[in-house]
Structures are given as structure tokens and as C-alpha cells.
Amino acid sequence: MSVKNILAQIQLLRLGLKLHSNTSSNLWDDENGNLNISSNENSTYQEMIIENWLQKYSHKLSRNAELVNAVVIFFYALIVLVSLFGNLIVCKIVFSKSSIKSSTNVYIGNLSISDLMMTAINIPLRLTEVLLRNWPLGSVLCKCLPFFGAMSVSVSTLTMAFIALDRYQVIAHPMKPRASLKTTIRKLLLIWIMAFILSCPYPLMSHVVRNVSNDYMTRCTILYPPPDVQFRQVFTLIALFLQFIAPLTVSGITYVKICLIIWKRQCIGEVTLNQKQHHRQTKWKTIKMLITVLVAFVICWLPLNTYHTYQDSRGKIGVVKHNSIVWFVCHWFAMSSVCCNPFIYCWLNEKFRNVAKDHLKWIFTFGKLKPLKTIINLFMQENAIFIFSRIKTPSLKFSSFSTYSKQSSTHFPESELETLPQMTRKVEGSKQNCIHMSNVVIKVTRETSVSIEKSSSENLKVSSPESFI
């Protein structure tokens, strides 16, 4: 017998108990497992039959309920753990690494903050309601549940729209100055204000309601003002448009324009074929990452939005009970969106991937070893060469690190050099190790200094009097 049939039998049993309190009645379980009611003068026999029926089916219902609860806890706990792990690493990388603190990466950090808000507030509260099939947390948390959920979704979709617009400005107008960090922070403040305004109606309409028809269970639900059916349908459509359709439409149109610009644009000046390919591949990687984030968000949230739109179109108003399998699957997909972004960044963004590996190595060694931060980034801007490096090795120490350009020379404070096993190789006819990158030569002399020189070749050579390996 299924759980639904057992529940129906228990409801029938309750009805029989009510009849028994007023008149003499007998309840028994026939050979098909159905509960029947008939009159009988012997109330003791009635109670015995009821007790036997309860013992027969209560353990089945209990086992099914425990299995369902275990599955629900596992899937939601998986979302919480993965989201906390991934989004905290993204926030740590974005807000602590000045070398990757661009406007786009700051927006990505804002996405992670909204995902963490959903993970820490919305998922635990909703999980409590699903497991208990009741709302024991009071009216304050009942108002917080839809508010923070709507705010997190609004922040995510609006941030994606702003990321798309920022990418369009950079690619369509490359000669214009990039947005400063202060300008980006102002835009983030605007995003949160807009999300707050869009989320304000939810706590005003959220109430704790006792469902008299279902054994006096309490539910946290939204009560719409009259006419409730029409108001609910209009409100749902407006919220769906402002929080989901409009921002994603802006993002989609913007990315289409960006793709057209990149497809038509040609490199200017004397550049090699390899430089052309590298330039195009870099742009496509960035666009592919952002489009993947957008598509993943749509796939995660579209089922739940479709479910709510369908339920509202039926025109039924009452205390909503989210216990169906369809609702659980749709809601789980929506909540899983908080796990997608960190893995998409690390999968498609090489710089994020390298720094994330450093943090993971530090975490898995319990902080006993310093993170491996041997990342040499070259940024060619006009005539200057900027080299950022944190290198450490127990065998070689150098007192200075110098950066040379056509106009200036900059000395950095003392640093330590780290072994570069994956980046070094022998120069033909030489016993020294070197790194080949660009048209610059980095030499390590025996006087414990590092110098950078222009080279006629297209490779960057880092030479050392001793072997790095």
C-alpha cells in the first residue's frame, strides 16, 4: 500500500473515531486493506480493531517518511556544503587579490555574496518547513523567508545584466577608460537597492496560517489582498518579469551584440598570427564563461518559475502545501544555482583556476604550508611591462626585483623565489634554466638581483646561475 493510500486510510480512521465518540461503530480492515465502518454494540471490540489496524500500517508510514526525509536532507545538505565551499573561495579570491580585482570580477564576487545569502538563510528555513510539514519558526522568520529568497534572485539577475553591460562597454569601446572601482561599487549599491524594493512586498503579505482542514497544521504562506485570485496572478507575472525575464533578456541581447562585434573586429597594427589567435581566444573565453553562467541560471530557475506560473494560472487560492515531488525537484534545481557559479569560473577562467588551486592546496594542508603563488602575469600597456610575482624557494634568495620599461625602472621590496618546475626548460647550448614567455628577458645574476631586458626574440627568458629544479 502506498503512502498516499495509508494517509487516506488514516483520515478515514479519524472519521470513524469521531463517529465512535457519538454512536456505537465498528471499524475493521477487510481482505483488500480497506477500512470499513459499521455499527456494533461492543465498543471494546471496536477499540481492539482500531489498535490492530494502526499497528499494521503505522510502521509502513513511518519507514516511508524516514526514507523521504533522509533523501531530502541529503540533497539539500549537498547544496549547502558545495555552495559554502565554492562561494567562500570565490569571495576570498576576488576581494583579497588586487591583481584580479577588475570590475567584472567584483560583480562575480557580488554574485557569490547573493548565493551565500540564499544558502545561509533561505535553504535552511525552507528545509525545516519541508521536513516538519509545518512552520514552527514564528512570524518573523516567515516574513524573512520569501524576502531574502526574492532579494537573492533579484541581486543575481541584476548583477548578470550589469556584467553584460560592462563587458559590452569594454569590447565595443576599447579606447574609453575602464570603470573605476568606486564606480563599480556605486553600481553594486544600486543593484542592492533595486533588489530590496522588488522584495519588499513579500514580507508584507507573508503570514503564519493554521490549516484547520489538515489537523491544525501551521503554514507560512502569502495571503494576497482581494480579489485574491486576480491579484496573485498579476503579482506573479510582474515579479517574474522584473526579477527574471527583463534582466536575462538584457543580458542575452547584450551578449549577442558582443559576439557580433568580436566576429567582425580585426586586429589593428603589426601583429603576428599567434597574437591574433591569442587575442581572439582570450575574448571568447571570457564571453563563454559569462554566457555559461547565464544559461546555467536559466536552467536552474526556469522549472520553479514555470511551476509557480502554472499553479497561479489555475486560479486556486488557499494555504499552499509544497510537499509534492514535482515541487521538490523544481525547488532543488533552483537552489542548486548557488553551486554552479564557482565551478563555472574555475572551469572557464584560467586566472581564477590558478588562484583557486593555491587556496585548495592551502586548505587541504590545513594551513601548514603557504599557498603556491608562483604566477607571473604580464600586462603590456603602451611601452611598459608590469610583472607581478610572489616566488619562494628555500634554496635561493634574492635581494631585489627590478622592472624596466623604456621610460622607468621600479624596484620592488625583497622577495623570495620559488621553484618553477612546470615553467622552466633548458636553453639550447646553455646549462641555465629559463622561462620563455614574451619579448622580454629576466636574468638572475650572481649578485642576487633580478633584471628585465628587452629581447629581439618573441620569448621571455628567465635565466639563473643555478638550476631552479
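Just so you know, glycine gets a Cβ as well, placed from its N, Cα and C.
Listed in TrEMBL for this protein:
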| type | residues | note |
| --- | --- | --- |
| DOMAIN | 86-345 | domain 'G-protein coupled receptors family 1 profile' |
| TRANSMEM | 67-95 | transmembrane segment |
| TRANSMEM | 145-165 | transmembrane segment |
| TRANSMEM | 185-204 | transmembrane segment |
| TRANSMEM | 234-256 | transmembrane segment |
| TRANSMEM | 286-304 | transmembrane segment |
| TRANSMEM | 324-348 | transmembrane segment |
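The average pLDDT computed for the domain 'G-protein coupled receptors family 1 profile' (86-345) is 83. Most Cβ pairs under 8 A with the transmembrane segment (286-304) among the ranges 67-95, 145-165, 234-256, 324-348 are made by 324-348. Counting Cβ pairs closer than 8 Å to the transmembrane segment (67-95), the top stretch among 145-165, 234-256, 324-348 is 324-348. Within the chain, the transmembrane segment (324-348) has long-range Cβ neighbours (under 8 A, six or more residues past its boundaries) at 72, 75-76, 79, 82-83, 86-87, 89-90, 108, 111-112, 115-116, 118-119, 122-123, 126, 130, 156, 285, 288-289, 292-293, 296-297, 299-301, 303-304, 306-307, 356.
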